[in-house]
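What Swiss-Prot says about this one:
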- 685-702: compositional bias 'Acidic residues' (COMPBIAS)
- 433-629: domain 'FtsK' (DOMAIN)
- 179-767: topological domain 'Cytoplasmic' (TOPO_DOM)
- 28-50: transmembrane segment (TRANSMEM)
- 54-76: transmembrane segment (TRANSMEM)
- 85-107: transmembrane segment (TRANSMEM)
- 127-149: transmembrane segment (TRANSMEM)
- 156-178: transmembrane segment (TRANSMEM)
Amino acid sequence: MANKNTSTTRRRPSKAELERKEAIQRMLISLGIAILLIFAAFKLGAAGITLYNLIRLLVGSLAYLAIFGLLIYLFFFKWIRKQEGLLSGFFTIFAGLLLIFEAYLVWKYGLDKSVLKGTMAQVVTDLTGFRTTSFAGGGLIGVALYIPTAFLFSNIGTYFIGSILILVGSLLVSPWSVYDIAEFFSRGFAKWWEGHERRKEERFVKQEEKARQKAEKEARLEQEETEKALLDLPPVDMETGEILTEEAVQNLPPIPEEKWVEPEIILPQAELKFPEQEDDSDDEDVQVDFSAKEALEYKLPSLQLFAPDKPKDQSKEKKIVRENIKILEATFASFGIKVTVERAEIGPSVTKYEVKPAVGVRVNRISNLSDDLALALAAKDVRIEAPIPGKSLIGIEVPNSDIATVSFRELWEQSQTKAENFLEIPLGKAVNGTARAFDLSKMPHLLVAGSTGSGKSVAVNGIIASILMKARPDQVKFMMVDPKMVELSVYNDIPHLLIPVVTNPRKASKALQKVVDEMENRYELFAKVGVRNIAGFNAKVEEFNSQSEYKQIPLPFIVVIVDELADLMMVASKEVEDAIIRLGQKARAAGIHMILATQRPSVDVISGLIKANVPSRVAFAVSSGTDSRTILDENGAEKLLGRGDMLFKPIDENHPVRLQGSFISDDDVERIVNFIKTQADADYDESFDPGEVSENEGEFSDGDAGGDPLFEEAKSLVIETQKASASMIQRRLSVGFNRATRLMEELEIAGVIGPAEGTKPRKVLQQ
């Protein structure tokens with residue numbers, strides 16, 4: 001029988017078993033070190049005292065702090081390693097304390113020339129005698145830090161350097177940055193200064209009031225003394241000048257009583273004429289008819305009407321930003337692109353990382369990585385601004401985990417707009433947290449577009465509220481068009497409205513035409529007076545009022561607000577577009593400005609002519625890059641969050657700016673509207689009233705109930721050409737297909753053309 005060679009094979013341990021074994025070893029070593037540190041901390045026996053003195057030899061009198069820190073690290077090392085800046089901050093603070101303790105030891109025992117020997121002597125004495133009584137300074141590590149520091153900055157300077165290290169370490173450990181602390185102190189100083197100025201003004205007002213009361217009291221006393229002196233004088237005969245006796249005074253005849261009649265006050269009427277302006281025109285005179293009015297006792301709304309701002313805690317974002325910086329650099333490195341993140345700005349809704357590419361890196365390589373960056377950062381979407389205007393950096397905008405709401409009150413307090421500029425409006429906060437405002441008179445018209453629920457209507461309400469906060473009814477007038485009937489109807493009956501909010505789309509085109517007529521009237525007025533714009537005319541009025549007793553009223557600005565342009569374009573596209581184009585071309589100098597809002601940013605609503613005449617645009621979140629290009633002529637709006645954030649592209653900038661719009665609640669709007677209604681009643685201007693329209697008038701635009709106003713022109717065209725087709729009428733009369741079809745039906749009813757015969761052309765019955 002052959003002997004079988006039996007061999008035992010040892011199974012290799014798996015990776016999990018090795019890791020478990022290493023973990024057990026680490027745990028046992030950590031437990032042993034922890035036990036030794038506890039013996040040293042409580043100085044248990046000769047071993048504990050010896051261990052404590054050995055630690056003192058290294059770190060001096062900071063041994064307890066070192067033991068406590070080591071114990072925490074042994075038990076929580078996994079959590080500590082994840083906290084960026086915690087270890088480095090602790091070591092920086094510890095180094096500062098070592099410097100200060102060692103400097104104090106040198107000063108106390110006069111160890112200027114023998115720092116090392118003196119420090120060793122303090123610890124060795126206790127070590128050999130099993131004591132822990134003497135002060136050990138900063139130990140050997142403290143000596144190593146103290147000697148070069150004292151050589152450079154002296155013993156006193158060492159205290160200063162140690163304090164700086166403690167401060168820097170505290171900043172590294174804390175969740176706040178230097179910018180946050182500086183901003184905190186600057187805000188505190190600003191509040192203190194504001195309170196100081198307010199108290200100073202109050203003291204000045206009180207002093208003025210006291211001085212006024214004192215002057216009034218002195219004048220009253222002086223008047224009483226004068227009256228008393230006059231009463232003491234004897235009566236005098238007015239004809240002879242002789243002093244009358246008491247008997248003569250009693251014999252004077254009684255004075256007959258007369259009824260007092262209230263005088264009739266006649267308000268003067270005058271035309272505004274300037275003597276230096278000569279009228280050489282042979283045209284019909286243009287009457288400048290402004291009746292003088294009494295000063296309007298009107299109080300502007302206060303910020304107290306709006307809900308106070310709730311504090312926002314974005315400390316969590318700072319921790320995420322530090323992690324994202326590492327992820328960004330690692331992601332770019334994985335694609336072979338070398339970049340450095342220069343800085344990160346935390347905004348209300350997004351954080352902007354400013355990235356500097358290395359020399360030779362093409363910008364489009366970074367721009368094409370937006371989806372990969374969104375994947376790496378686990379972000380909803382990433383918007384890349386390449387490059388940042390005015391900087392040699394590329395901006396990467398990443399949504400925040402928590403969006404901080406910007407309240408209307410907060411934005412208004414930070415914007416610091418000029419009170420005399422009624423149309424300077426705060427729009428939102430930029431990524432760096434600064435408030436951004438725009439001047440509507442310079443835009444001069446604004447297009448606001450975005451999908452449903454993206455914040456468009458809230459932004460329009462914020463713009464209206466901003467104007468109402470600064471302007472009286474005689475300074476700014478509104479014409480509001482709201483086909484949805486729910487967005488702007490709350491503003492009905494405020495004194496700033498020219499007419500009630502227009503909710504009928506059929507009336508809207510007529511209302512816009514009334515504004516066009518007002519624009520033409522104003523230009524005729526400017527030509528009559530000899531000025532170029534509304535500012536020049538109002539300056540003339542002010543000059544005239546200062547020189548004449550007949551007071552004239554300056555022209556108010558007119559702001560036309562259309563909340564849903566798409567509805568108007570569906571009903572009367574040609575008339576609405578013509579009115580918008582005319583206003584866009586000429587209305588700026590006349591003081592008339594438009595704000596057009598739509599939730600359907602397509603080319604049939606925002607036509608090329610409208611875009612050409614409304615150069616300033618605001619884009620909220622849209623569904624596609626096509627819609628973004630329709631609004632802004634470039635992509636970007638499809639990357640927005642849809643939480644009130646927007647891309648603002650004013651007329652004077654080539655690239656859009658990302659802003660977080662302010663939130664104004666319905667309660668805030670109602671409070672400011674109710675306050676304004678208590679100040680003055682609505683005073684509508686009948687000249688802007690579009691009047692009543694019939695059911696089919698909107699279909700025929702400017703026509704009456706009897707038919708289309710182009711009927712006669714279409715009839716002449718058909719008889720002249722002896723051809724009748726909807727496409728010909730549509731092409732020759734520049735009307736839509738639906739209107740051309742209705743004209744064909746009217747021509748058939750009138751007997752001009754025959755009925756349709758399938759694919760054959762209609763017969764023309766009249767010659």
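Placed from the backbone N, Cα and C atoms, the Cβ positions cover glycine too.
Between the transmembrane segment (156-178) and the transmembrane segment (28-50) there are fewer than 3 Cβ pairs closer than 8 Å, counting only residues 6 or more apart in sequence, so the two stretches are not in contact.
Sequence-remote contacts of a segment are chain residues at least 6 beyond its ends whose Cβ falls under 8 Å from one of its Cβ atoms, and for the transmembrane segment (85-107) they are 59-62, 65-66, 69, 115, 118-119, 122, 135-139, 141-143, 145-146, 149-150, 155, 158-159, 161-166, 168-174, 322. Sequence-distant contacts of the transmembrane segment (54-76) (same chain, six or more residues past either end, CB-CB distance under 8 Å): 30, 33-34, 37-38, 40-41, 90, 94, 97-98, 101-102, 105, 119-120, 123-124, 126-127, 132, 135-142. Same-chain residues lying 6+ beyond the ends of the transmembrane segment (28-50) with a Cβ under 8 Å from its Cβ atoms: 63-64, 67-68, 70-71, 74-75, 127, 130-132. Taken as a whole, the domain 'FtsK' (433-629) shows an average pLDDT of 90 in this prediction. Residues 43, 46, 49-50, 52-54, 56-63, 95, 97-106, 108, 115-116, 119-120, 157-158, 161 of the same chain, all 6+ positions outside the transmembrane segment (127-149), place their C-beta atoms under 8 angstroms from a C-beta of that stretch.
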